[in-house]
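Annotation comment: Swiss-Prot describes D337 as active site, proton acceptor, evidence class sequence analysis. Sequence annotations record features per position, and here Swiss-Prot assigns Mg(2+) 2 binding site to E29, H144. Per Swiss-Prot, the feature Mg(2+) 1 binding site maps to E29. Positions annotated as GTP binding site by Swiss-Prot, on the basis of sequence analysis: R259, V260, H261, S262, E263, Q280, E303, G304, R305, T325, T360, K365. Summarising the annotation, Swiss-Prot assigns region 'DHBP synthase' to 1-204. Annotation comment: Swiss-Prot describes 205-417 as region 'GTP cyclohydrolase II'. According to Swiss-Prot, the feature site 'Essential for DHBP synthase activity' maps to H127, E165.
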Amino acid sequence: MTRLDSIERAVADIAAGKAVVVVDDEDRENEGDLIFAAEKATPELVAFMVRYTSGYLCVPLAGEDCDRLGLLPQYAVNQDKHGTAYTVTVDAKNGIGTGISASDRAATMRLLADAASTADDFTKPGHVVPLRAKDGGVLRRPGHTEASVDLAKLAGLRPAAVICEIVSQKDEGAMAQTEELRVFADEHNLALVSIADLIEWRRKHEKHVQRIAEARIPTQHGEFRAVGYTSIYDDVEHVALVLGDISGPDGDGNDVLVRVHSECLTGDVFGSRRCDCGPQLDAAMEMVAKEGRGIVLYMRGHEGRGIGLMHKLQAYQLQDAGEDTVDANLKLGLPADARDYGLGAQILVDLGVKSMRLLTNNPAKRVGLDGYGLHIIERVPLPVRANSENIRYLRTKRDRMGHDLADLDDHPEADGA
């Protein structure tokens, strides 16, 4: 197992103007980024980064600073598989040459970090790539973008950083991974930390969900305890249906059967046959009830895989005209899946979950939760409830979104579906 340094050391080094190495989850990019605070950018730091990385230097910024500086997305529909939010590239308008040298890029980076800067201080396009970090940092998205901004903020600096992926010295056509990153960090006296450790550190020191109320909910599957939560970022309310003692027989919160269910008004409430959401919710409650211990976490704000109810209905119109569920979203200028599981992970932690068996047919959901310090020991499939109205939708989820759905090829489609 690769030796990692403390988050405290990384924060101190960032504050002192040094670079650090940050590695993400092996199931995600499994790469290490060189990171330093943008306001501490010097020609020497930039030159060092260019020498040992891919050279595609990016500057993660808080969302409010991106808005203030007029940094629009590079593309209206973000198709990056990890959701990295690239904005238009920039150069400082004054005081630099062509913009590509280490000195020029350092000047642009410092200007991006300056709270007094305005959109008029930059030219577009340029040689520096700003990135928009999610509010809430690694607790919302476990990526290098958010990790770098979090480290800058923890160091008492502006929420602006510089990041780039470290290239392998053994194979220059590949990126360096954990063991080689440890050697690199030691050779250059740099701290090596993981995003998982940063998440754990922040979870110990901060809280981003609030438990508001609890009440018993008798259902056809038995009596659950409904625990209501809100987020400090928005007014969206979530509810966890809890059955039994989550701490378990050993009091450790391990091996909990969990379903993280995305809100679906049309399927869960109206019984729409266009999706399988209602039957999945019912099956999850039934499986937890049979287990006698578990959680069905109902995530509001996930309607239509996160695009909202009105956009979902518009997507249905496009599907009726022949588009599939993925292309319908994309035609509306929306991502195929905009869901964020960070708050759900915090709720599960608050409920005492340490490890779980996750009820899902969607492998991406496992990755979305696994990066938050929750150990998923097993993915438990849910029964597939196919019908003539949802069969095309299910096949698209299987073929284009990687869902583990079997036995779909023998079902006929409804006329016009």
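Just so you know, glycine gets a Cβ as well, placed from its N, Cα and C.
Overlay of Swiss-Prot feature records on the structure.
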residue: H127; record: site 'Essential for DHBP synthase activity'; Cβ contacts under 8 Å, 6 or more apart: T89, D91, T98, G99, I100, D104, R105, T108
residue: R259; record: GTP binding site; Cβ contacts under 8 Å, 6 or more apart: Q280, L281, A284, M285, M287, V288, G294, I295, V296, L297, L358, L359, T360, L382
residue: H261; record: GTP binding site; Cβ contacts under 8 Å, 6 or more apart: C277, Q280, L281, A284, V296, L297, Y298, M299
residue: E263; record: GTP binding site; Cβ contacts under 8 Å, 6 or more apart: Y298, M299, R300, G301, H302, E303
residue: R305; record: GTP binding site; Cβ contacts under 8 Å, 6 or more apart: S262, N329, A336, D337, A338, R339
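Put simply, E165 (site 'Essential for DHBP synthase activity') is 9 Å from H144 (Mg(2+) 2 binding site) when counted between their Cα atoms. Here the recorded positions are E165, E303, and the one whose Cβ sees the fewest other Cβ atoms within 10 Å is E165.
Taking every protein chain shown into account, H144, D337, T360 are the recorded positions, and of these the Cβ with the most other Cβ atoms within 10 Å belongs to H144.
Look at E303 (GTP binding site): DSSP puts it in a helix.
Taking every pair among R259, V260, H261, S262, E263, Q280, E303, G304, R305, T325, T360, K365, the residues recorded as binding GTP, the greatest CA to CA distance is 23 Å.
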